[in-house]
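According to Swiss-Prot, the protein has these features:
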{"type": "BINDING", "residues": "E90, D112, L114", "note": "Mg(2+) 1 binding site"}
{"type": "BINDING", "residues": "D112, D115, E283", "note": "Mg(2+) 2 binding site"}
{"type": "BINDING", "residues": "D115, G116, S117, S118, N211, K277", "note": "substrate binding site"}
Amino acid sequence: MSRVTLSRYLIEQTRSNNTPADLRFLIEVVARACKEISHHVSKGALGGVLGSMGTENVQGEVQKKLDVISNDILLEANEWGGHLAGMASEEMDNAYQIPGRYPKGAYLLVFDPLDGSSNIDVNVSVGTIFSVLRCPNQYLSQNESLNEEAFLQPGTEQVAAGYAIYGPQTMLILTLGNGVKGFTLDRELGSFVLTHENIRVPETTAEFAINMSNQRHWEAPVQRYVGELLAGETGPLKKNYNMRWIASMVADVHRILTRGGLFMYPRDAREPSKPGKLRLMYEANPMSFIIEQAGGASTNGYDRILDIKPESLHQRVSVILGSKEEVERVTAYHKE
């Protein structure tokens, strides 16, 4: 049986599920950009791409060279194709306007160009996270200037989401709203090839991912839940659990997606005015869409992530996602 490339898969989706051709082309362009980013990541010190730029992004985070390189690759790959009305990125303060010399399309692309980049200098897996939204009609005119409001849509409005993980293999995980597929980059062929047909989050779990160094700052429901996990067989859950923490959302969530468990980056008491660390638009929403399409669940402790109406482009949110039963347990603790 011949192997199914990403291009073939998307063409078949157009035929069988009426996936719009413009969306298909957009996903292919994003995938090509991810291949280029993968190349730069794999070169590391040989390509002179390690280290920081000496600048900060809108989040107040030090920008790595690869943050900027990856952001530029995604912008340059996608701006000219005629599929997008605009883009937004973790690395840019404001929405990116499609240059007037190019046609505007019907979609918006939101991305974290290099998630986990603080790990790049120590050769830990990093990735690219992206989300696709429809552009509101009032911004579709070639002469209409795009602003932040166009992007402020709840996660339920996503038409596609995915991430590329740059590890021992480069993989692309993708959902178009009808399940989750996994593609592995065949470097000899130069294409992403379908290798994981129907990814599902395992229902039972013995693993969780959280940064335990922040424990003293957590809210009581998270303290309670993690305490029960750590109590193991002698605790109320009557089961031993292992903790894994990579500090790269793509890597941690990829493990949860394939092996089950719970990923938690909850709000804490250090900055009470901030509802969390992770960004809603280009981290929590696409990852939550993927996890839900794979049979899992995602919450901020009180509400479903995908139901949250964004108030700003770089809004932060508490994130708890993974195996459905565990998410429901943590949510119940928050509501008691």
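For all residues, glycine too, the Cβ spot is worked out from N, Cα and C.
On the structure: features taken from Swiss-Prot.
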{"residue": "E90", "record": "Mg(2+) 1 binding site", "Cβ neighbours (10 Å)": "25"}
{"residue": "D112", "record": "Mg(2+) 1 binding site", "Cβ neighbours (10 Å)": "29"}
{"residue": "L114", "record": "Mg(2+) 1 binding site", "Cβ neighbours (10 Å)": "32"}
{"residue": "D115", "record": "Mg(2+) 2 binding site", "Cβ neighbours (10 Å)": "30"}
{"residue": "G116", "record": "substrate binding site", "Cβ neighbours (10 Å)": "21"}
{"residue": "S117", "record": "substrate binding site", "Cβ neighbours (10 Å)": "25"}
{"residue": "S118", "record": "substrate binding site", "Cβ neighbours (10 Å)": "17"}
{"residue": "N211", "record": "substrate binding site", "Cβ neighbours (10 Å)": "16"}
{"residue": "K277", "record": "substrate binding site", "Cβ neighbours (10 Å)": "20"}
{"residue": "E283", "record": "Mg(2+) 2 binding site", "Cβ neighbours (10 Å)": "27"}
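E283 (Mg(2+) 2 binding site) falls within a helical segment according to DSSP. Residue pair D115 (Mg(2+) 2 binding site) / N211 (substrate binding site) shows a Cα separation of 16 Å. S117 (substrate binding site) sits 14 Å from E283 (Mg(2+) 2 binding site), taking the Cα positions as reference.
K277 (substrate binding site) sits 10 Å from E283 (Mg(2+) 2 binding site), counting Cα to Cα.
E90 (Mg(2+) 1 binding site) carries neither a helix nor a strand DSSP state and counts as coil. Nearest neighbour of E90 (Mg(2+) 1 binding site) by Cα distance, taken over the binding-site residues S118, N211, E283: E283.
What surrounds the Mg(2+) 1 site, by Cβ distance within 8 Å of the Cβ centroid and not counting E90, D112, L114, is the set D67, S70, N71, S89, E91, F111, P113, D115, S117, T128, I129, Y282, E283 from the same chain. The two recorded residues, E283 (Mg(2+) 2 binding site) and D112 (Mg(2+) 1 binding site), show a Cα separation of 7 Å.
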